Each structure stands twice: as C-alpha cells, then as structure tokens.
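Contents: one structure, followed by commentary.
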Amino acid sequence: MTTNYIFVTGGVVSSLGKGIAAASLAAILEARGLNVTIMKLDPYINVDPGTMSPIQHGEVFVTEDGAETDLDLGHYERFIRTKMTRRNNFTTGRIYSDVLRKERRGDYLGATVQVIPHITNAIKERVLAGGEGHDVVLVEIGGTVGDIESLPFLEAIRQMAVEIGREHTLFMHLTLVPYMAAAGEVKTKPTQHSVKELLSIGIQPDILICRSDRAVPANERAKIALFCNVPEKAVISLKDVDSIYKIPGLLKSQGLDDYICKRFSLTCPEANLAEWEQVIYEEANPAGEVTIGMVGKYIELPDAYKSVIEALKHGGLKNRVTVNIKLIDSQDVETRGVEILKDLDAILIPGGFGYRGVEGKIATARYARENNIPYLGICLGMQVALIEFARNVAGMENANSTEFVPDCKYPVVALITEWRDEDGNVEVRSEKSDLGGTMRLGAQQCQLDDESLVRQLYGEPTITERHRHRYEVNNMLLKPIEAAGLRVAGRSGDDQLVEIIEVPNHPWFVACQFHPEFTSTPRDGHPLFAGFVKAASEYQKRQAK
C-alpha cells in the first residue's frame, strides 16, 4: 500500500486556520472511505507543550496514549474518527533531543552532526513512521513560511516530495487574501509574495487555500493561479463562516477532494457529508438556549479551554439548545463574591494548576452545591469540589490540597507518588520531580458505581477516559467524607484512585478527575456534557416557574 502525503503550510500571517482547514479536508477524504490521519509539526524548541503557559499556547491536548500535544490535535479528532497518538505531533525540541541522544550514544560514528542531513532525516523518519498504514496523511507545518524556526521542516518535506515522488505528494498552502475597503476589492499581492517565499525554498504549491472574510471572486482566483503557477481549479476560496463545521462542505463544493483524488490516482466513492449536514442543521435550529458559567484562571485566552468550550457546544447539539458560555475569572469570585455567579443555568470548573484563584473556585463549588445549580468539575474542578465538601459538610476545617498547602491538617488531595504507565512499568514521582512529562497521562479505565448518575449517563459499567494530573483524592481521609454524604461514583480500574464524585441529594453535581472534553465530538457528543447541558435546561425551566 502506498501512502500519499499532503503537506500543509501557511503564509502571510499566523492564525489563518491551517489546523481547521487540514481537519476539514481530512473529514471529506474520510467520508470518501479513505484511511486518513493528520500530523502537526511544531517549530518551537520545547520538547512538548506540557509545561507551556496556556495563556501563550492555548490548551494542551492529551492523546489516548498519553502524549501532551498541540491543541490542533483536538481539532483533528473532532473532525475525523482516527485517534491521534504521540506519533501525530512533534516539535523541534523533540527532534533535537533525539538527535543529540544518538550523537552521545555514538550512532553517527563520529560524523559532524548538522541540520542537513541529520535533523532533516530525523524529521522525515518521524513523518514516515506516523503515516504507516494510512491512505492519506496530512502534515501541518506550524508557523508561517519565512519563519527561521520552520526552515528544517520545510527542507525535510521538500526532500520527501523528491524521494517519495510527486505522484504521491501534494503541497497545500494557506494564504491571506485581504479585502481593502478603500479599494473595494480583495488584494492578491500578499499571496504572490508568500508563494515566492515558498519557491525560494524549493517548494511549488499544488493547491492554494485563499483565506478571506468573503468569497474570493473567480477573476481574482484566476489571477492568483496565473501568477503562482497553480491550476485555477486548485485555487480554493475559504471565507469566514459562522461555524467551523461548515468548512468540509465549503471545500467539497469547490471540488478540492476530487482534485486531490485525481492527483493521487485514488478511486473512491463520492463523499457523503450527511453527518456534517446534520450537525450544521442542529446548530442552526436550536429549540432554546442556556447560559453556563465557566470559572477558571486562564480566561483571557479562550483557547486555553478550547476542548471544553467545544464539548459544551456538542452537549448543546445533543439537546437542541444553544450554549452561551460566560467566562469568569476565579479571582473575581474571590474579590467580588458569588454575586457574579447569579443568572447562570449551570457552572463548570475546568482543569488548572497553581494556587492563584483556587479559593474562588472552592467558593464557586459551594455556591453550586448549596443552590442546587448543575455543576460539572473537571480535574482541578473535582478537587476543589472535594475540598469544599470536606470543609463545609464533613467538618474538616481548612481542608486543602498538598499542591497549595503542603502541611495542611486535612490534605484531602495529595500527590500521586506511584502508578503504572501505558507499558505497565511503575512510575514513581515526588515533589522534586521535573514538571515536564511527569503526570498521570492518557487513557485509563474507570469502574462506575451501579447506583450513580454517571452510570445512567454512560450506560455501561466501565469507561475509558483521558487523564492529565499529578494530584489525586487522598484515600486516607475519604471515609469521613463519604460518611458525610459524598458518593464516590467511579474508581480506577485497580480500585485504588477516586475518579468521579457526586453529591446524591443534588439535582446534578458531578466532578471527575479525568478530562471528558478530549473525547467529545460534534457528531457523537459526550455523555457527561450532554447530561450537563440537559440539567442546565431543566434548571432553567424550574427557575422560570
């Protein structure tokens, strides 16, 4: 089986939406029956985004096999059925780390280690390994053409096109076509210069995706085709849309998938986008709306909670309601009080790290519990709910997590010091361990209590969800908390760790240690988010009476 590669680059400016465009194209190709995957190559020197600030980089998306990756992999999984793995994302830092390790080991037999061929070869090896077993692999190169950091990646994909053959490789370039209001027309010059930059590296794009706030007229696309040496039918207009889930249909309507299949000599049926049309219909025809407050510490950059925001929207689709998300800084709860939480139909506290704003989250959990407002806590959101319950119901005054107060009297949340990794090896950690790559990561089994709400929502006794955390419920202090009325609704497969808690005498109060947002998709949704949004709708109706 021959694997075909589509290399996706971006020019003129960053944040054009390469990830969404690549994922949308992959969705169309998948709908044609092709086995598709997507890779993201990030030019930064961090080994992975695990220790990067969410305010700078956005969320860290965790794959099933426990890799901490770029948020674009979340888009990929929401658009196609293929599950991403650690093979689907790597950085300059990872490549250099691998090459330097080999050099120290003597693998290069005394050769002078250079960017070409050693770094470029390492990049090519990883791309080829990630593409094994697939009909089509889309490879997104992070950053913008012209960035010094991207050069080794661009050189590597240039070489791959020569080595694999142009009949099995395509270069797809996203570029900005700005509209100039004063002139009353779109301008193609930035695109021409961007392609010129690519040509100087030795890459002739085969497809141009023209990003604009409006449809690019046919005459302007013809002009771009002429000056950039690309067939007219391969110049695609990609205008701004009110829903990213419309993009597969937009690309298909311009024949992009037909062009690619013809170039790769692939014989496959027409794409059936009925599932995406259903998503668009549900999104455009809600029967109501709810307002959900998300209380966190990184709210100045919504991308820090990208998967949570998308999962809430998916929950809305499953209930035919529009979900309005109100982002609330947990420090504002500390300074202004819980008054700012009024007029919400439900409250969600997502994951996070560090002490800043934690007391505001604890106050938020208490407000939701005492006022019967639907509550969903994720990761840290579960831990603050547990701390709040321990303090205010179980009588454990000043209960806390050792992450925030190491010597507190009631450490109801504590560091996980030992667990097994995906290979079955025992991992041991302490407070002095490195921050990078030292968490409980990836898919883990969870056994659900038969009497629990989550058992009803999931409809099965055992589930698998993804984790990213260092701290867990302290089993030594669990009994008095359970005696006070808290239900442990889910435990790890080995019965050692608390994964889900509920407040039984509350209409809907669920908190989980894992990250359900990572497995929610627009077509399938997720049981927790669907149930949470439904609870928000029911709360709204009760309040209206």
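Sequential numbering from 1, following the chain as shown.
Backbone N, Cα and C define each Cβ position, glycine as well.
The region 'Amidoligase domain' annotation in Swiss-Prot covers 1-266. Annotation comment: Swiss-Prot describes Ser14, Lys187, Thr188, Lys189, Pro190, Thr191, Gln192, Lys223 as UTP binding site. The CTP binding site feature in Swiss-Prot is assigned to Ser14, Asp147, Ile148, Glu149, Lys187, Thr188, Lys189, Pro190, Thr191, Gln192, Lys223; the stated evidence is sequence analysis. Swiss-Prot lists Ser15, Leu16, Gly17, Lys18, Gly19, Ile20, Asp72, Lys239, Asp240, Val241 with the feature ATP binding site, giving sequence analysis as the kind of evidence. Per Swiss-Prot, Mg(2+) binding site is recorded for Asp72, Glu140, and the stated evidence type is sequence analysis. Marked as domain 'Glutamine amidotransferase type-1' by Swiss-Prot on the basis of sequence analysis: 291-542. Sequence annotations record features per position, and here Swiss-Prot assigns L-glutamine binding site to Gly352, Leu380, Gly381, Met382, Gln383, Glu403, Arg470. Look at Swiss-Prot and you will find Cys379 tagged as active site, nucleophile, backed by sequence analysis. Under the heading active site, Swiss-Prot lists His515, Glu517, citing sequence analysis as support.
Here Thr188 (UTP binding site) is compared against the recorded positions Leu380, Met382, Gln383, Arg470, Glu517, and the shortest C-alpha distance is to Glu517. Around the Cβ of Ser14 (UTP binding site), the same chain contributes Gly143, Thr144, each under 8 angstroms and 6 or more positions distant in sequence.
Straight-line distance linking the Cα atoms of Glu140 (Mg(2+) binding site) and Gly19 (ATP binding site), rounded to a whole number, equals 7 Å. Looking only at other Cβ atoms within 10 Å, the busiest spot among the recorded positions Ile148, Cys379 turns out to be Cys379. Spanning the listed ATP site, residues Ser15, Leu16, Gly17, Lys18, Gly19, Ile20, Asp72, Lys239, Asp240, Val241 have a farthest Cα to Cα distance of 20 Å.
Taking each Cβ in turn and tallying the other Cβ atoms within 10 Å, the top scorer among the recorded positions Lys187, Lys189, Lys223, Arg470, His515 is His515. According to DSSP, Asp72 (ATP binding site) is assigned to a helical segment. Neighbour density for Gly381 (L-glutamine binding site): within 10 A of its CB lie 27 other CB atoms from the protein chains shown. The binding-site residues examined here are Ser15, Thr188; by Cβ neighbour count within 10 Å, the least packed of them is Ser15. Separating the Cα atoms of Gly352 (L-glutamine binding site) and Cys379 (active site, nucleophile) is a whole-number distance of 8 Å.
Looking at Met382 (L-glutamine binding site) and Asp240 (ATP binding site), their Cα atoms lie 37 Å from each other. In this structure, Gly17 (ATP binding site) belongs to neither helix nor strand by DSSP; it is coil.
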